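According to TrEMBL:
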- 71-78, 148-152, 202-205: GTP binding site (BINDING)
- 62-350: domain 'Tr-type G' (DOMAIN)
Ligand SMILES: Nc1nc2c(ncn2[C@@H]2O[C@H](COP(=O)(O)OP(=O)(O)OP(=O)(O)O)[C@@H](O)[C@H]2O)c(=O)[nH]1
């Protein structure tokens, strides 16, 4: 391999400069916090004595991996997970997604998932893998917890919660379609929680498979340095195995369902030139991000297998690089080398950077790093709830300390003490009872009341972990049971809401209808179907309505007095300040804020929380179309009170009225959700598809034609997307596919705003 000195010098400079601010490393593991801190007061921080890892901890953690499998819809996550479970001996046979054997893949255990052939809920399992250590070629035993997540953006919360608690991930891509819209979404989610990833280019058996183009897209679209660590042997139908570029071996799958891995030092002559070229590329990419590899370059030395392995591991864990594996899950080819890669390159729980907040200290205090030592004080996070035959099942990730059956744990938010009556490890929908579980592990417990995202401790610390990011619903519909309403109707809705923070239910004050809201039509459809199947409640639904929002476009100063004298005690409150537009914080998602700058006690401190509450009350319903008001800062500057007539209630009412009265002057507008839509179809239908999108007022963002297929990405208002699937089917002879995900809210057109305002006015009681 030859490398020019200027290139090597550039590498050295680049990796020195990026050693902290890596392309992915700009986020912190606790980035999803919902609170924005403002000019934090300086606090004396107590010295925290960090628990230490023992030798046993290190040995146990060294063989532990917690990984997720994430990707765009239909990339083959479930098919791949099924192989992983088979090769690790966790299941005795392979069943396919939508398989003809009517069994279905292990991880898609819901009846609805098996019927639709999609993953709706994430499923957790664990397995043991005797992996090959690249540098020594020896076998080592690893314990892997795996979470298979849905690809549909409608079920995105499942991906959020999985990534929140995982240490590493396999990003699956299709060898033909490459980086797709939801690949970008899961990539963003992985960044949010600082999850290192290896990439697996699946479907290498498909005609038109081109992994090199996909790797280019990973670099350009996902902006992560990436390089292949495998090269395929054979193409499409003839795919036989891969060349392992790190160990320089040919690896073939033989025997029943590819379960026998045969290795050879002889690289097939027809693959040799490509393998050499791609190995050089791998080293070059690593030199760009890893200092040690770069220095080897400067010295023009060939790295050893151990050096190469260490550089891939270091840079993957540092979120600077993604090693790319290739294979075909369906053809049982090259899944085992990828599993070796999971063990070799993804972090163990002690290498993941995890922190908690000490709630006994001010919010501005530095977070406390957690140490996965077995005898440290317990800190665990409930990341998913599920109703089961035996009551509420709570999935937990133990970060520090150990969790034992029969022990008492403390709910960090409520301080409530609860006993752990039953502890299990999950294998999809099956459970295995266990007595205790150590740090870095994933388990589930029964009989504990909590919400998803709650922290549990052993009571000796006040640690609390930040929760996950919960996106706002974009669509809603009215729902009504057919016939008489039974208790099962509200029981089902309560359960779904508890389990899924993106599914919301409310009763509309004016129409008295029950409204369900969620992330998309499919999301709501699945819950309506589950009501029928699991609760025997058949429902009728209204027309889906997009989740409009309202926002201000102008700052308004105000002074408002609330005064009421009705016989007995009066009500008096006066406030002044301003409301103004506020931009969404890209990291926290926060776009409303209350700020108090009142000086000299003109409003006593005990009334300030009531004013803040009043502000949030007012945001619940804007005057234009009754939607939530977003993008608004409220600054309270001054006010006055009356010793007898002022009360918390008076200040709360005063704030709501002040907001409502000044709202119109802030020139509010109605916003609608805009979706990023991606359509893939055979090239001959390109003009039909583009015509269809333009007719729906879509803006084409990108389009790409490859071989005989094309992809087009466009921004389209969700309101204009109803009925698109049947239109696409019609215009592409059923051969087109599309996916969409929420991108942003944007002002509606003025005539549409007028219609919405008019319709809202009609639903409101007329003032006499
Ligand atoms: N040709 C080919 N097809 C594959 C391969 N892996 C999976 N498939 C097929 O792709 C389709 C989707 O596979 P799944 O495993 O359900 O994909 P998924 O990513 O889990 O899907 P969602 O969870 O619904 O997003 C199925 O029809 C599989 O049989 C592969 O390696 N090659």
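Yeah, the Cβs are placed from backbone N, Cα and C, and that goes for glycine too.
Feature annotations (TrEMBL) mapped to structure.
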residue: 71; record: GTP binding site; DSSP class: strand
residue: 77; record: GTP binding site; DSSP class: helix
residue: 149; record: GTP binding site; DSSP class: coil
residue: 204; record: GTP binding site; DSSP class: coil
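Ligand 1 lies under 6 Å from the Cβ of 74, 77, out of the binding-site residues 74, 77, 149, 204. Within 10 Å of the C-beta of residue 149 (GTP binding site) there are 28 other C-beta atoms, taking all protein chains into account. A C-beta separation below 8 Å, combined with a sequence spacing of at least six in one chain, links residue 204 (GTP binding site) to 175, 211, 232, 236, 239, 326, 327, 328, 333, 334.
Summarised as a single figure, the pLDDT of the domain 'Tr-type G' (62-350) averages 87. Counting every protein chain shown, the number of other Cβ atoms lying within 10 Å of the Cβ of residue 71 (GTP binding site) is 26.
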